Amino acid sequence: LGWHLTCCLPSLLSLLQGFDPPHQSDTRTVYIANRFPQHGHYVPQRFADNRIISSKYTVWNFVPKNLFEQFRRIANFYFLIIFLVQLMIDTPTSPVTSGLPLFFVITVTAIKQGYEDWLRHKADNEVNGAPVFVVRSGSLVQTRSKNIRVGDIVRVAKDETFPVDLVLLSSDRAEGTCHITTTSLDGETNLKTHYSVPETLVSQSVSRLEALHAVVECQQPDADLYRFVGRITVTQQEEEIVRPIGPENLLLRGARLKNTKEIFGVAVYTGMESKMALNYKCKSQKRSAVEKSMNTFLLIYLGILLFEAILSTILKYAWQAEKKWDEPFYNQKTEQERNSSQILKFISDFLAFLVLYNFIIPISLYVTVEMQKFLGSFFIGWDLDLYHEESDQMAQVNTSDLNEELGQVEYVFTDKTGTLTENEMLFRECSINGIKYQEINGKLVHEGMTDDSPDGSYFSHVCLSFALRLSATSQSREELLFLKAVSLCHTVQISYEQPGDGPGNPFPNANGFSSQMEYYASSPDEKALLSCFAVQPICTVVESDVNPIIPLSHRYKLLHVLEFDATRRRMSVILQTPSGGKVLFTKGAESAVLPFTKSGEIDKTRVHVDEFALKGLRTLVVACRHFNVEEYEEVDRQLHEARAALQQREERLAEVFSFIEKDLELLGATGVEDKLQEKVQETIESLRLAGIKVWVLTGDKHETAVSVSLSCGHFHRTMNILELVQQKSDNECAEQLRQLARRIREDHVIQHGLVVDGASLSLALRGHEKLFMEVCKNCSAVLCCRMAPLQKAKVVRLLKTSPEKPITLAIGDGANDVSMIQEAHVGIGIMGKEGRQAVRNSDYAIARFRFLSKLLLVHGHFYYIRVATLVQYFFYKNVCFITPQFLYQFFCLFSQQTLYDSVYLTLYNICFTSLPILVYSLFEQQVHPHMLQSKPVLYRDISKNSLLSFKTFLYWTLLGFCHAFVFFFGSYILMGEDTSLMGNGQMFGNWTFGTLVFTVMVITVTLKLALETHFWTWMNHFVTWGSIAFYFIFSLFYGGIIWPFLHTQDMYFVFVQLLSSGSAWFAIIIILIACLFPDIIKKVIYRHLQPTSTQKSQFETNYQGIGCVDSMCCYSEGENGCARLGRMVAQVMGRYNPAYANRSWSDSDPFYSNDRSILTLAPMEAAHC
C-alpha cells in the first residue's frame, strides 16, 4: 500500500489542487460509473467525447479552407494573379478568358473533394449514431455512441463491436473472460482471450455494477495497439485492493466480441483518443517522377512566357521611338497619357502582354491529369487477371497518384514469409533428444524409415495420444516432454463445435475427442505444430479446476504466459502439472534459446536445425525448466511486481523474463515448411528480364532465407553467392566489403548474389554506405536476412536517396513490412494471413505476389505512356495556341490586339481539345497486354522516365512552335495578300484571319493526337471527330445569331463567311498537309531505321513490311489504302518484299481486338478496317 501511495502521489497532489489538465500528467484517473470523490476540491478531468471525426471540412469552413488549399498550387495561384491583373488594368482580353477556366478547375476540384468529404461525414455519422447500452443511475440505458463518456460502464453483446476502448469488468462466463477478434484493427482472425480482475468478475448484473466502487489509473492515450499499462483499485469493505491491468484486460474500439454472450466494461479512451483513432495515419505525400517532370516543364514554360512578354514590351517601345508610330493621326494621346510615368506604362504594358500570352501555361492540365488518374485507377480493380478466386479478393487502389510510377520501377524490395510464400505452415520434421523424425502421411517416422516399417519405430497421432494417456514405456521421458511442450506451449484458442451438444461440453465423444476442433492462432507456425500434435483432449491446459470432463491426470493449469516479443524472439508458459509441480516450457528461434540451455543434446540439435534451414524449413527450438517450490514463489513474486508497475513495465518484465528463461533443458527442435506461392519463380524472372532488380528482405535465419531464395529463383544455382554475415566490428565489415568489391571486379562476367544479415547491415550502414552500395549495385540479386522492420526501411531509403535516384517498390504482407512500404516510392500490400496493416498502409494491394508481374509490366506500362503523352501533348497544343498570338503582334505594332475571339480563348482548353486527350489517356495501348507480359524486355523502353526526357520535351515544344509558324504564316501567305476573297468583293478582316488560324489549329492538334493513337475504340472515334464537329457547329451558332446578352459580337457572321470561301477551304487543307505529312514521313522512317523494342513487337507477327500507315484509309476488302506509299518507301530503303506488299487480310489472320491503329504495324481486324 505504501508503494501504491508513492506511485499515486503526483495524481493525489493534482487532486488536492483541484484540477488535473488532461495529458499534463503521464497517467489518467478514471472513476468507474463516474463516482467522483465527494470532497469539494475535486474538479473532474476533461476528456475527449466519443465522436469519431475523419472528415476534413465542415459546412462553415469548406469554402475558405478548400480555396486556401487549392491556391497553394502554383498554377492556380498564377491564374488567380492573371485574373486580378485583368480586373485592375486595361488588358487586351476579357477577365472572363482567365476567370472562367480557373473557376471551372477550382469548381471541379472542390466538387470532387467535397463529395469525398461528404462520404466521410456520412460514415462518421453512422458510427457516432450507433445505438449502445450504458449503465447509468442504476439501470441499463440506450444511447448513441457519441454520448459515451470516460468512466461510463458499457454493455456489449455477442458479435457487436466495441464502441470505445474498455477495461473488461465482467462477462457472462464464471471465470470473467471473453473472446474477441481484432480483424478490423490488425487483420488477425484468431480468437483472443481477455480477462477481468477477480474483484470485478462477479459484477455480472446492473445492480452489482452499481455497487462497485473502483478507480482505474492508466497511461495517457497511446497509438500502440499492443501496449497498455495501468492498475485498478477496487474498494471492498473499506479495503483497497490493487490489481495490475495490461493489454489482456483492454478491449479495443473496433474489435468484435465472439463466443461470449455479453460483457461489461468501463470506458477509458473515447473518440479520437481511442487506439483505433490514434492509428489513423496520414501517409506521407508521395510524388511521382511524372509529376516532378511536369512541374519542371511548367517552370520552363513560365520562363518562355516571361521572355515573350518582356520581348514584346521592349519591341513595342522600340517601335514607338518613331513619332509616326508613337502617336499616329488616328490615335492621338490625351494630355494625361502624355504626362504619365514611363515606368508605370512599361509595367502596365508588360502585364498586358503577360495576360495576352498567359494561355501558354495549361491550367486544365492539372484537372485532366487528376481525372485521368482517378478514372484510370478503376482498371486495376476491374482486371480479372488480378482477381484471386480462392480468397475472393481483387486488387485495390489506395492512392491513384502513383499509377504511372508503376511503369518506372527499378528496384523491388520484397518480404519473404507470406509474400513469396503462402504463409501456410506444414509440419515436416523434428529433432527429439538428438534424433531426427520426419512427417510421412500424417505419421512421425524415424529418419531413414518409412511409415510401413514393421519394427514399430514410428507413432501416429492416435498412437501418440494413447502413449500420453497410458504413460507407455515405448517413449522416453525426453520424447514425452517434447510432445507435451509442443502441445502446451502456445497461445492458440481452440473452438469445439458439435451439432446438438451443449456449449459447456467441449469433449462430447466417448473417446475424449471432439468431432470438430477449430484452431485460432495468431502465428501460422503454432497452428501447424498444434494441428500435427493434436493431443489437446488428452493433455490440455485449463485455467481453473472446475472442468470435470478432462481427467485429472491430463489436466495442466496455466499459471503464467511469458509473451513473445521481437527482442527475446521466444515465448514461454509456466504450468502446474497434474502432480502439483511447476514447469516452464519455452520455444523460440535457435539463437534465442540455445544460449540459455545447460543440458540436452545441444550439438546434435544445432546440426539438425541447420539441416532443416538448408531445406528451407522454419525452425523452432523447444526447451523446459522445472521449478521447486522456493524458485516458483520467487518467480511468481517478481512477475507480479513487474506487471503491477506503472512506470517502465516493459523493461522490468524483460528483466524478469531473462531471470526465468535460463538454465533450460533442451528437448528438441521442429521444422515447418512454408510453401512457395504459385508462379513466384516466373514472376521474379519476368521482373529481372524487365531490368528490375529484386531484393529480398526477411527476418528469417540465414540458411532458411538462402534456401528459399534458391527455390524461388531469386538466386540461380550458377550464381556466385557472396556473403556479408556475422561481422563483429566496423573494420572487419569494411575489409569484407572491400574484398567483395574486388571479387566482383575480377569476376565481372559471372552473375553475383549477395547475402547480408541484420548485424552486418547495421555496421555497413554506420560508416561504409558508399562501399556497401557499390557492392549491392553490382550484384544481380541481394538477400538481407535477420532484418528488423526499421532496417528494412533504412535499406529502401539508402537506395532511394542514392545519386541515381532509382524508383523503388516495396511489397509485403505483415505489420513488420509497413515501414518499408511507406518508405518506398510505391508500396504494395499483400492480402495475406498476417493481418491488414500492410494493406491499409500501402498504395496498392494485391492478393498474390504473381500479380505484381501484370501490375508493373502491363498496367504500369500503359499508365506511364498515357500520362507522359498527356503531359507532352498539353504543352504542345498550348504552344500551338499562343505562338500565333505572339507572331501577330509583329503585324499590329505590338498594340496588344488579340488574334482570337475571347470565347475561343476560353473554350480552347475546356471544350475543343480536352476530351480526345482524356479518352486517349484512359484507353491507349501501344502493345497488346499479352505481348507486354510475354516480353518483359519491353518494360525497358519506358524506364528512367524516357518519354519525359528533356530531349522528348524539346521535340514536342519545337514541334508546337513549327506548327504554330505554319498556321500563322500559311494563313498569311495564302490569304494575307488578297483579302478580297468573297464573291461580292467583301474583304476579310482580322477576325476572319484569326478564325482561320484557330480553325486550322483545332483540326491539326486533334489529328496530331489521332496520329499518336494506336488503340482505337468507339470512344476515341466519337471524341476525336466529335470535337472537330462540335467546334464547327458551335462556331456556326455563335457567329450566326445575334446574342442579346453579349456586349459586343465581333464574330457575327465571320465563320459563315469563312466557310463560304473556297480559298479558305483550300488554305485549311494545304496547311493541314504541310503540318502533318512531314510528321507521318518522319514516323515511318524512324520506325524502320531506329525502331524501339515496342515498335518491333507491333509488327513482328505475320507482318514484316511497311504496315498500314493509316488504318482509316483501308479498302473494304482489307487491302491497305496506303500500300503504294508503303511499297515506295520500302523500295527506297531496300526492304521491299512482294510477299508482304500485296498481302490482304483474312478473317483467319491474328489481330489485336480494337487495335485499329494509326501508324502501328501490328496485325488488325479486317472487318473493322
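Heads up, the Cβ atoms here are built off N, Cα and C, so glycines get one too.
The transmembrane segment annotation in TrEMBL falls on one of the ranges 843-866, 867-890, 987-1010, namely 987-1010. Scoring each of the binding-site residues (Thr417, Asn816) by how many neighbouring Cβ atoms lie within 10 Å, the top position goes to Thr417. The Cβ of Asp817 (Mg(2+) binding site) lies under 8 Å from the Cβ of Asp415, Thr419, Pro789, Lys792, Ala810, Ile811, Gly829, Ala838, each on the same chain and at least six residues away in sequence. For the transmembrane segment (1052-1077), same-chain residues at least 6 beyond its ends with a Cβ under 8 Å from one of its own Cβ atoms are 963, 966-967, 970-971, 974-975, 981-982, 986, 988-989, 991-992, 995-996, 999-1000, 1003-1004, 1007-1008, 1011, 1032, 1035-1036, 1038-1040, 1042.
Looking at Arg618, Arg786, the binding-site residues in this record, the fewest other C-beta atoms within 10 angstroms of the C-beta turn up around Arg786. With a 10 A radius on its CB, Asp813 (Mg(2+) binding site) counts 31 other CB atoms from all the protein chains. Beyond the transmembrane segment (296-319), the same-chain residues lying 6 or more positions past its ends with a Cβ under 8 Å from any Cβ of the stretch are 74-75, 78, 325, 346, 349-350, 353-354, 356-358, 360-361, 871, 875, 878, 886, 889-890, 893-894, 953. Same-chain residues lying 6 or more positions outside the transmembrane segment (1022-1046) and placing a CB less than 8 Å from one of its CB atoms are 903, 907, 911-913, 915-916, 918-919, 995, 999, 1002-1003, 1006, 1009-1010, 1013, 1052-1056, 1059. In sequence order, Thr417, Cys785, Arg786, Met787, Ala788, Asn816 are the residues of the chain that are 6 or more apart from Gly699 (ATP binding site) and have a CB within less than 8 Å of its CB. The Cβ of Phe564 (ATP binding site) has Arg570, Met571, Gly588 as same-chain neighbours under 8 Å, each 6 or more residues away in sequence. Cα spacing between Asp813 (Mg(2+) binding site) and Arg618 (ATP binding site): 18 Å, rounded to the nearest whole number.
Of all Cβ atoms in the shown protein chains, 29 besides its own fall within 10 Å of the Cβ of Asp415 (Mg(2+) binding site).
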